[in-house]
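Written out below as structure tokens is the structure these notes cover.
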Amino acid sequence: MSLSKPVDGHTPYRGRFAPSPTGPLHFGSLVTAVGSYLDARANDGEWLLRIEDVDQPRTLPGAADDIQRTLEALAFEWDGEVLIQSRRLDLYRAALTRLQVDGQVYPCACSRREIAACSPPPAVDGGLVYPGSCRAGLAAGRAARAWRMRVPECEIRFDDRVQGTLRQDLARAVGDFILLRADGQYAYQLAVVVDDAAQGVNAVVRGADLLDSTARQIWLQQGLALPTPTYAHLPVVSNAAGEKLSKQTGAAAVDAAAGSTLLAAALNFLGHPVPAEIRSGALRDFWSWAVASWSIQRVPVQRSVFPRQRLPP
Ligand code: GLU
């Protein structure tokens, strides 16, 4: 894979789009693809494609190919090979082993019901804050179900390129979090940190639904002595109920045949209105105009936006 021109004289920009193949590409994920692609290209950077199918029970057969075909039909161009997480379990295992050797993770025997019974306030992502029951070791007769990462007592702070400075107290917001689940699957948090580092990604541009995961990822990067990329969290498209568009909330697949009109709707959502002649023109002209016009400062500083206009097909 070739390195592109340095942005600041030292570091070549390397970004990525990392969809989970739980269904076809919908308008919400297209917005993330457009924002991450334009930010990479406008910075003379590379843009990688990674299929995040580490959560096998949520993976829909055929969805990864479908997403790739839709991106191709819309003339996105990614650099290098597409990385498939389900083929990289050895790397996640090695990272977990390293954390085990260092004592940064511990086995946990608690069931969801036991955690809920401690009635902690809900975690930032709507899950349960882990009360730390197994932190000091498994009680006699209890078997390990999952592995958890110890979190610090201090706040994690980061400067998001869109959302500004953010802080999270991991102990209060999430508690010690899972890296290997009871069903034997590696957690998204571990896979994403390992892969961003392995691929040399230094600029993450993604949906703001992942803002609450960022502190966990920074803490894991520190635990594994990996560099922290820059972060930019784009507003996510929500439905009238304020829920993020997703397969679970019944989001429809985009119709790539709509070409520049569809891409223009996504870009408009990110604070860049597109002139009529570009909207109705060829994909190649759309991309040249969009790369030249992109400015991350124009992206609305919001976590989620309900579009006023009807979404394109
Ligand atoms: N796979 C995640 C998703 O589709 C994105 C992960 C990331 O960008 O860090 O929501």
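Placement of Cβ uses the backbone N, Cα and C atoms for every residue, glycine included.
Heads up, TrEMBL stuff is auto-annotated, nobody curated it.
The domain 'Glutamyl/glutaminyl-tRNA synthetase class Ib catalytic' annotation in TrEMBL covers 14-255.
Annotation comment: TrEMBL describes Arg16, Phe17, Ala18, Pro19, Ser20, Glu52, Tyr188, Arg206 as L-glutamate binding site. Around the Cβ of Arg206 (L-glutamate binding site), the same chain contributes Ala18, Thr32, Ser36, Ala232, His233, Leu234, each under 8 angstroms and 6 or more positions distant in sequence.
The list of residues near the motif ''HIGH' region' (19-29) in space but at least 6 beyond its ends in sequence, with Cβ under 8 angstroms from a Cβ of it, reads 51-53, 55, 58-60, 63-64, 66-67, 70-71, 207, 236-237, 244-247, 251-254, 265-266, 311-312. Per TrEMBL, motif ''HIGH' region' is recorded for 19-29.
Annotated Zn(2+) binding site per TrEMBL: Cys108, Cys110, Tyr130, Cys134, in sequence order. Listed in sequence order, Tyr130, Ser133, Cys134, Ala144, Arg145, Ala146, Trp147, Arg148, Asp176, Ile178 are the same-chain residues six or more apart from Cys108 (Zn(2+) binding site) with CB atoms under 8 A from its CB.
Per TrEMBL, motif ''KMSKS' region' is recorded for 244-248. Note on the motif ''KMSKS' region' (244-248): mean pLDDT across this stretch is 72.
Summarising the annotation, TrEMBL assigns ATP binding site to Lys247.
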- Note on the structure: Those same-chain residues, other than Cys108, Cys110, Tyr130, Cys134, found with Cβ within 8 Å of the centroid of the Zn(2+)-site Cβ atoms are Ala109, Ile115, Pro131, Gly132, Ser133, Arg135, Ala146, Arg148, Asp176
- Where ligand 1 binds, which of the binding-site residues Ala18, Cys110, Cys134 are close by, with Cβ under 6 Å? Ala18
- For the recorded L-glutamate site, whose residues are Arg16, Phe17, Ala18, Pro19, Ser20, Glu52, Tyr188, Arg206, find every other residue on that chain with a C-beta no more than 8 angstroms from the centre of their C-beta atoms, and list them by sequence position. Arg50, Ile51, Val192
- Distance, Arg16 (L-glutamate binding site) to Cys110 (Zn(2+) binding site) (CA atoms, angstrom): 35
